[in-house]
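> The structure's right below; bear with me while I get my questions together.
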Amino acid sequence: MAFLQSAYLVMVFTVPIAGVILNTYVLRKLIRVARKSVVRFETTSGLPLAAMSVGDSITLCALLMQAIFHITPKGEVPTVVLSSICKFGIFLIHSTSAFSVWCWFFLSVLRYIAVFHPFKYRTIWRQPRNALKFLAGAVGMFQIYTLIFVTYRQEEKSCGEYDVFHESAFKHVHLLDIFLFYAIPSLLRITLDFLVLIHCYSPFSVEGLDRVTIDRRYAISGPATTKRFSHTGETDTLDNKAHVALAISITASTNTPSVKRIHHGNPKKKTAMVMRSILISVLNLLLNLPSHIFRAWASYDESSLENEIVRTLEPIAQMMYFSQFACNAFYLATSIYETNGSPRNTVISSSNRHVSRCISDDEA
């Protein structure tokens with residue numbers, strides 16, 4: 001038990017610092033991408049990855065702030081100041097961690113669209129930015145309840161809730177919080193990632209796969225040289241050194257699709273990339289689960305948490321919760337694959353539509 005407590009205290013201070021360092025590295029890399037092309041940054045996974053990185057950094061800083069707050073002598077500090085620190089810290093932790101969970105779901109949505117609707121994926125424009133704005137606003141509005149519930153409890157010398165809220169029906173808000181910001185996005189992520197997995201992953205060699213499956217694998221990673229079009233006709237060139245010619249032909253009367261594809265890259269590598277992203281996503285869910293179970297348990301029967309076995313397991317659950325941020329940072333640091341794609345010639349076709357993208361490789 002003492003060992004677990006010591007390990008927990010070490011993680012409280014080391015994980016936030018390490019996580020902020022990793023996220024700073026990720027943000028610097030993404031900023032370089034954004035400077036080269038804002039459109040490329042906003043219409044690929046760059047924007048949600050950056051949003052997740054910022055959210056995780058704020059969460060880690062808030063966790064570190066709370067850890068320092070609890071070991072710092074309070075002296076004659078007014079209770080109203082201590083309560084304000086508690087409110088602000090808990091609000092930041094809840095809001096940014098909930099936002100991060102939905103960002104994971106957002107990445108799963110992008111994977112799903114890339115696999116099952118590759119043409120739509122190539123024509124994404126303002127949707128990611130607008131979705132993240134709405135998500136941030138909705139999460140912030142919901143988590144306002146923490147500013148009302150949380151206070152500094154003199155008896156325990158720690159942050160907690162007012163008794164009037166903890167002992168009333170208001171405690172059900174915690175269950176709603178868990179349901180909206182863990183259960184729902186987690187189930188949706190599992191569903192979408194499972195569909196992508198069964199469509200894109202095969203234990204057999206690439207030669208044995210049908211061409212459509214292989215091409216859908218390629219849709220996961222954005223090219224380094226392409227053009228994206230806005231609804232107003234604006235274009236953005238992602239690589240000024242490459243000569244890009246985009247030819248779009250639409251034949252409404254074609255019943256048999258005409259497909260011509262020349263690929264650059266390794267399909268197995270792209271499949272492994274998808275698998276890695278999904279596995280890290282599942283690991284993140286598992287690391288979150290014990291903490292949410294204890295939180296839901298405490299909402300209904302806090303006295304049972306005094307059991308010796310439960311008191312032993314709770315630090316482990318907390319350590320798993322802190323570990324998720326290292327998991328997030330690892331994902332962010334290793335999965336910015338859309339910023340490093342290689343040029344490719346692609347034709348995307350459906351039953352009555354033929355779209356051709358031709359890329360000159362003179363300087364590739």
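For all residues, glycine too, the Cβ spot is worked out from N, Cα and C.
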> State whether, in Swiss-Prot, Asn307 is on the same side of the membrane as Val33.
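Going by what Swiss-Prot records, Asn307 is on the opposite face of the membrane from Val33.
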> Along the topological domain 'Extracellular' (299-315), what average pLDDT does this model show?
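Taking every residue of the topological domain 'Extracellular' (299-315) together, the mean pLDDT is 74.
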> Sequence gap of 6 or more, Cβ distance under 8 Å, 3 or more pairs: do the transmembrane segment (90-110) and the transmembrane segment (278-298) meet that?
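Touching, yes - the transmembrane segment (90-110) and the transmembrane segment (278-298) meet the threshold of 3 or more Cβ pairs under 8 Å.
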> With Cβ-Cβ distances below 8 Å as the criterion, list the same-chain residues six or more beyond the ends of the topological domain 'Extracellular' (299-315) that contact it, or say none.
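The answer is 1, 4-5, 7-8, 171-172, 174-175, 290.
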> Kindly report the helix/strand/coil residue split of the topological domain 'Extracellular' (299-315) according to DSSP, in that order.
15 helix, 0 strand, 2 coil
